[in-house]
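Some notes on the structure that comes next.
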Number of protein chains: 2
Amino acid sequence: MRRIDWRQLDAAQRARALLRPAQQAGAETATAVARLIEDVRARGDAALRELTARFDGAELDDLVVSAAEFASASAALSPALRDAIDEAAARIEHFHQAGMAAPYAVDTAPGVRCERMLRPIRRVGLYVPAGSAPLPSTALMLALPARLAGCRDVVLCTPPRADGSADPAVLHAASRCGVRRVFKLGGVQAIAAMAFGTDAVPACDKLFGPGNAYVTEAKRQVAMTDGGAAIDMPAGPSEVLVIADGGANPAFVAADLLSQAEHGADSQVLLLSDDDALLDAVALQLEQQLATLPRAEVARRALQASSLVRVDSLQEAFAISNDYAPEHLILALRDARAWLPQVQAAGSVFLGDWAPEALGDYCSGTNHVLPTGGAARFCGGLSVASFQVAITVQEVQPHGLAAIGPCAVELASAEGLDAHRLAVALRLQELAA
Amino acid sequence: MRRIDWRQLDAAQRARALLRPAQQAGAETATAVARLIEDVRARGDAALRELTARFDGAELDDLVVSAAEFASASAALSPALRDAIDEAAARIEHFHQAGMAAPYAVDTAPGVRCERMLRPIRRVGLYVPAGSAPLPSTALMLALPARLAGCRDVVLCTPPRADGSADPAVLHAASRCGVRRVFKLGGVQAIAAMAFGTDAVPACDKLFGPGNAYVTEAKRQVAMTDGGAAIDMPAGPSEVLVIADGGANPAFVAADLLSQAEHGADSQVLLLSDDDALLDAVALQLEQQLATLPRAEVARRALQASSLVRVDSLQEAFAISNDYAPEHLILALRDARAWLPQVQAAGSVFLGDWAPEALGDYCSGTNHVLPTGGAARFCGGLSVASFQVAITVQEVQPHGLAAIGPCAVELASAEGLDAHRLAVALRLQELAA
């Protein structure tokens with residue numbers, strides 16, 4: 001891991017130090033993804049079966065998970081894992097429910113009632129990847145807010161294992177959230193199927209969930225296509241930024257950095273501190289802990305693109321963090337809460353020494369689908385609102401029109417929109433008659 | 001306007017009847033837009049001045065609106081127009097403020113506090129077009145929620161008139177909302193400048209506002225570019241769908257259809273009714289009102305792509321509307337409120353005979369920047385939330401970690417993420433020691 005002294009860098013060097021690995025797929029990937037999408041659109045389920053055989057090594061007659069497979073999945077899990085999934089689900093549901101938006105109505109003038117109502121998105125598609133391992137936690141993070149939003153038509157895709165079965169933990173998690181329409185599909189073919197529909201898979205209005213570079217590119221392409229599905233957010237490699245003071249526990253900080261780094265070679269981790277001794281101690285801990293990690297090779301490659309940064313002050317650390325806008329921000333600080341007002345852009349924040357980022361990934365209650373690649377500058381993580389549309393309503397009584405109509409007439413005239421003016425003026429005349 | 005009997009169409013004909021004109025820019029437009037963006041990125045302010053001279057016919061030394069121009073703008077307006085802008089602003093502010101999300105916190109377990117906090121997006125860019133005429137109402141619709149969100153760095157671009165001045169009504173509206181950083185820039189060059197920054201124009205995190213096909217394509221392109229700005233929503237030609245029963249006023253309905261049709265030749269309007277006499281009467285009214293409209297030519301062209309649709313029942317009309325997901329939905333129905341629960345997808349709804357869509361455009365209080373092209377299936381119109389990011393936070397006490405840590409350990413093990421497991425296990429060991 002690079003060691004950087006922020007005070008000795010000029011502006012260009014500072015910008016370079018915070019540069020993320022390129023997010024966008026290369027032209028070759030983009031073309032390959034476009035071909036796969038086209039194939040699914042043209043040949044439907046036949047293409048899905050062929051691509052699943054090619055990429056997942058599974059020959060499937062039926063892409064959909066049967067009731068029998070659901071039943072045997074839950075039975076196949078250890079009680080401890082089943083309980084952990086249920087326990088995490090309860091806390092995620094608790095937190096998300098508490099943050100749900102409510103409809104509201106106000107009278108903006110006598111006889112003019114304006115309101116906002118909320119509706120679930122009608123058809124949503126959830127993608128649960130299974131890169132190095134299947135991710136039941138992601139099934140919870142996608143399906144619970146969809147259920148709270150009231151979505152009735154929920155489809156979930158997850159790649160099959162080579163024996164043609166779906167991961168039982170993912171199935172148990174989906175079932176816990178009321179999702180019973182699960183397809184054994186992964187990668188680009190899953191995204192294309194949910195975006196445009198096939199005989200077996202219904203077309204969805206919006207797609208959710210993380211994935212590798214191919215899945216991300218597929219989501220980007222369908223979102224750009226007329227009549228394609230919307231997507232939850234731009235997605236990219238996972239990342240963490242830790243701000244630690246001299247009182248932080250170096251073993252904890254190193255463990256948090258590594259738990260981000262093990263996600264993939266393209267993950268990025270940053271540690272900012274105003275304390276040289278802490279930086280030294282974390283560097284040492286990183287080496288010691290890496291020695292015991294099964295995924296050490298992946299983590300080592302991620303750490304090569306990452307930095308330990310000596311800053312002048314914690315204030316400076318927060319300025320850097322707000323520019324970088326990390327997906328995860330850990331504040332390993334004494335009185336961490338007092339620093340919270342400084343945070344302007346981040347996906348999710350972890351306060352103090354006892355809040356490892358892994359808790360947010362699984363079971364604190366917050367959502368782990370979060371903005372990456374600097375998107376935290378302009379969007380937040382998944383919530384129930386991501387699965388809803390807000391619709392405004394105006395109900396106007398005759399005396400309400402009399403009260404505010406003249407204002408509309410004046411503005412329509414100024415903007416040269418005569419039919420707008422007329423639509424109001426006609427009604428005002430009728431009232432006056 | 002075509003007259004369609006829904007009952008006599010097969011499924012394919014029904015789908016065709018609801019087809020919108022193609023939304024996406026052709027390859028030629030896309031290439032032209034990409035070249036303009038590249039020019040602004042490469043040559044900055046020099047390119048902005050040249051393009052402004054070429055497209056707006058204005059030779060500008062200084063792109064920014066001066067304090068003196070602001071002062072003379074307000075003075076130049078008629079008192080009636082100044083009052084109308086201020087009156088509309090007050091109602092828009094009232095409605096938007098009432099719907100603001102609040103931060104919240106819940107304990108998902110003893111010692112585990114999860115919260116959501118809200119932050120304004122740091123730098124936002126607003127685009128106020130001036131196609132046929134400048135649009136002070138759009139300045140209000142963009143700048144008021146930005147101010148309520150607490151955005152400190154707000155930039156507004158609007159095309160200059162040929163004499164090099166900005167429209168005084170737009171300046172007064174901006175000023176009313178606290179926006180003092182206005183650039184005389186239009187079209188692709190304005191979007192490129194706000195997305196990537198030049199010496200004069202600061203780079204913004206997110207861009208807002210409607211525009212013509214070039215502006216829309218420019219927004220799409222910058223949103224797809226690594227490090228480019230996010231955008232508010234996919235934008236397209238304006239549209240209205242009216243559901244009217246036999247008791248509706250044909251003159252009002254015709255006026256509402258025309259006020260949408262006059263926006264542009266690519267606007268789309270649809271009237272659904274279960275009453276033949278009403279459809280006849282509206283057709284007649286359309287011809288009569290068109291005869292008096294200054295923008296009749298534009299409206300006529302829009303009506304050519306539009307339809308009067310005879311449905312079997314109002315229930316059927318709502319099913320069609322929910323599939324179409326119109327930007328504006330007018331319910332010209334007896335007891336319109338009783339039908340509101342049927343609405344599943346729409347930008348903004350207008351209830352009854354006394355709520356012309358023009359009120360929502362100007363001064364009922366709702367936002368007029370709304371999803372078009374069917375995007376109401378998955379997103380709503382602008383609100384204060386569009387200018388904020390939601391950040392989740394978790395604060396965990398040692399006894400909180402002891403309570404929920406084992407759940408995280410179990411799930412991390414199941415997902416094969418050992419460093420995640422270790423980050424929690426290390427802390428649990430420390431607590432046990």
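Placed from the backbone N, Cα and C atoms, the Cβ positions cover glycine too.
Listed by TrEMBL as binding substrate are B:GLN260, B:HIS263, B:HIS328, B:ASP361, B:GLU415, B:HIS420; the candidate from B:SER238, B:SER306, B:SER383, B:SER386 that the record includes in that site is B:SER238.
Cβ environment of B:GLN189 (NAD(+) binding site): B:LEU36, B:VAL40, B:ALA47, B:LEU48, B:LEU51, B:THR52, B:PHE55 lie under 8 Å away, each six or more residues apart in the same chain. Nearest in space to B:SER238 (substrate binding site), taking C-alpha to C-alpha distance over the recorded positions B:TYR127, B:ASN212, B:GLU327, is B:GLU327.
Counting neighbouring Cβ atoms within 10 Å of each of the binding-site residues (B:ASN212, B:SER238, B:GLN260), the lowest count belongs to B:ASN212. Those recorded positions from B:TYR127, B:ASN212, B:GLU327, B:ASP361, B:GLU415 lying by chain A, with Cβ under 8 Å from one of its Cβ atoms, are B:ASP361, B:GLU415. The Cα of B:GLN260 (substrate binding site) lies closest to that of B:GLU327, out of the recorded positions B:TYR127, B:ASN212, B:GLU327. Classification of B:HIS328 (substrate binding site) by DSSP places it within a strand. In this structure, B:TYR127 (NAD(+) binding site) is part of a beta strand by DSSP.
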